[in-house]
Amino acid sequence: MVSIRLPDGSVRQYEHPVTVAEVAASIGPGLAKAALGGKLDGELVDTSAVIDRDASLAIVTDKDADGLDIIRHSTAHLLAYAVKELYPDAQVTIGPVIDNGFYYDFSYNRPFTPEDLEKIEKRMQELVKKDEPVTRRVVSRDEAAGYFRSIGEKYKAEIIESIPQSDEIKLYSHGGFTDLCRGPHVPSTGKLKVFKLMKVAGAYWRGDSKNEQLQRIYGTAWTRKEDQDQYLHMLEEAEKRDHRKLGKQLDLFHMQEESPGMVFWHPKGWALWQQVEQYMRRRVNEAGYLEIKTPMIMDRSLWEASGHWQNYRENMFTTESEKRDYAIKPMNCPGHVQVFKHGLRSYRDLPLRYAEFGSCHRNEASGALHGLMRVRGFVQDDAHIFCTEDQFISESIAFNTLAMSVYKDFGFDHIDIKLSLRPEQRAGTDETWDRAEQGLRDALTACGLTWEELPGEGAFYGPKIEYHIKDALGRSWQCGTLQLDMVLPERLGAEYVADDSSRRRPVMLHRAIVGSMERFLGILIEHHAGAMPAWLAPFQAVVLNIAESQAEYAQSLAQSLQKQGVRVTADLRNEKISYKIREHTLEKVPYLLVVGDKERDAQTVAVRARGGVDLGVMPVEAFVERLQEDLRSFK
């Protein structure tokens with residue numbers, strides 16, 4: 001007798017082992033038809049999986065997130081099936097699920113073209129109509145490797161050799177195609193109805209630039225066409241908002257081959273940067289942080305003591321001088337510990353909060369670089385809090401409050417918070433981890449925040465909180481971090497004198513709100529589609545004269561506004577006013593101030609807000625007050 005507990009708490013009993021599909025059928029024909037897989041004691045399995053013991057089971061359908069993952073994984077295999085039918089000489093490698101879709105890497109003797117993608121997608125649709133059953137079988141390592149070698153699939157054979165001996169080798173087949181996979185997969189290809197191939201890109205075998213370059217075909221798959229259409233529309237909008245395109249259009253920055261992963265900031269872009277940095281500086285100063293500056297290049301011995309030389313050297317830029325090895329800092333924390341150590345610290349000095357807009361460099365792979373979002377040289381709004389164990393909860397509460405306020409001011413209202421908990425390999429005792437994890441929970445609760453817990457995702461030296469902001473397109477970006485560190489203070493010898501005159505290690509909190517300034521500016525540009533709110537905009541206003549006779553008034557008006565702190569410029573070119581308005585509208589300036597003879601004579605200004613909104617003629621003082629109200633409300 002096999003007892004199956006269902007999600008509603010009911011128990012069904014069967015006289016013999018049953019498959020997931022049979023359980024679904026016993027519940028109802030609708031569920032049997034909708035079943036894509038099952039969650040057996042928490043593990044995703046195929047509908048063909050046999051249950052021969054008492055267990056809990058949830059039937060997975062296309063209404064579940066797991067169901068969508070199964071669909072996407074199966075569509076990746078369908079893609080490989082279609083490619084092999086159309087291009088038999090192509091070799092298949094791997095095809096995982098990714099955010100919003102999947103990809104599959106192929107080795108082929110020529111580049112795939114857009115026309116090839118159309119043919120492949122059409123063939124996939126034909127295979128779906130066949131509704132071929134997907135079958136799974138477990139085979140020996142030798143049998144699997146021998147099979148793939150016999151059909152010339154050397155990459156699959158290599159993958160099999162790298163699979164741990166204890167793992168099962170599963171082969172999935174539909175029609176004339178067989179692939180190596182952990183699964184699970186849909187019961188038949190007819191379940192895969194909504195998909196689209198997106199693009200081809202290059203990729204290295206096993207992600208190593210020393211290996212062969214493969215061709216990666218990206219695709220997306222959904223349960224409903226409406227969802228796919230919405231996603232494709234979002235991609236179109238994202239293309240319009242691409243910060244690289246807007247950076248060029250708005251003359252904010254550029255990047256060039258002579259300095260890969262580094263940014264050349266133009267005057268307007270640097271003005272935007274300065275608004276963000278000055279705002280962040282004001283907020284951390286108000287929160288009791290002390291701003292410091294630490295060296296960019298430090299001796300190898302310090303990086304060895306911190307552990308970075310042993311564990312992070314591949315990502316560090318190094319140099320040598322006078323027979324000494326140095327590294328350009330990839331992060332600021334070791335330098336901050338040096339400042340803390342400089343002089344005897346007492347418990348009365350704590351908490352000490354050190355902030356730095358620290359310039360860091362990391363040797364990212366060239367293929368991973370992406371505009372401002374992934375760079376080699378970047379500045380972090382970094383800070384480290386040194387406190388006692390009794391203070392770390394109150395410090396965490398204060399940081400949560402500060403971070404939420406900052407995100408709101410920048411226009412981000414939806415923040416997802418994730419708490420990463422202890423990994424298997426970790427420093428410190430279970431009791432220490434218990435206190436640390438519960439302390440971070442208590443801090444989040446005190447702020448009225450909700451969070452998702454990620455068991456096993458913490459760093460070996462402590463748990464952390466991540467802050468993921470959602471932009472205008474619903475995309476999630478991890479920006480802020482609050483990381484508790486149980487290791488670095490000890491590694492680098494940080495200590496303070498406690499109230500009983502003993503020497504103790506401080507608790508160290510690594511924290512950032514925006515993270516990489518470059519990346520955050522890229523996110524801001526895309527979130528606002530380049531139309532930065534007035535408090536951030538490089539120019540808040542442009543004064544435009546209609547004719548030469550108003551040029552002097554326009555110039556004096558711009559100078560007067562500048563003295564009042566307005567970021568303003570005057571466009572006195574001898575061009576039609578309609579041309580100038582159109583040009584500055586495309587530059588997304590918040591306010592256009594038009595002056596003609598009437599405005600000059602009355603010492604007023606005609607104000608047009610971004611979006612073509614005519615606010616009419618008003619005294620200059622009224623415009624300044626309106627702008628100041630925008631700034632007060634972060635508009």
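Keep in mind that glycine also has a Cβ here, set from the backbone N, Cα and C atoms.
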Zn(2+) binding, same site as C333, H384 - Swiss-Prot member from H233, H243, H468, H510: H510
Tertiary neighbours of H510 (Zn(2+) binding site) (same chain, Cβ under 8 Å, six or more apart): C333, D382, H384, T481, L482, Q483, D485
The domain 'TGS' (1-61) - residue tally per DSSP class, helix then strand then coil: 14 helix, 25 strand, 22 coil
8 Å Cβ shell about C333, H384, H510 centroid, Zn(2+) site members excluded: M331, N332, H336, V337, D382, A383, Q483, D485, L488, M508, L509, R511
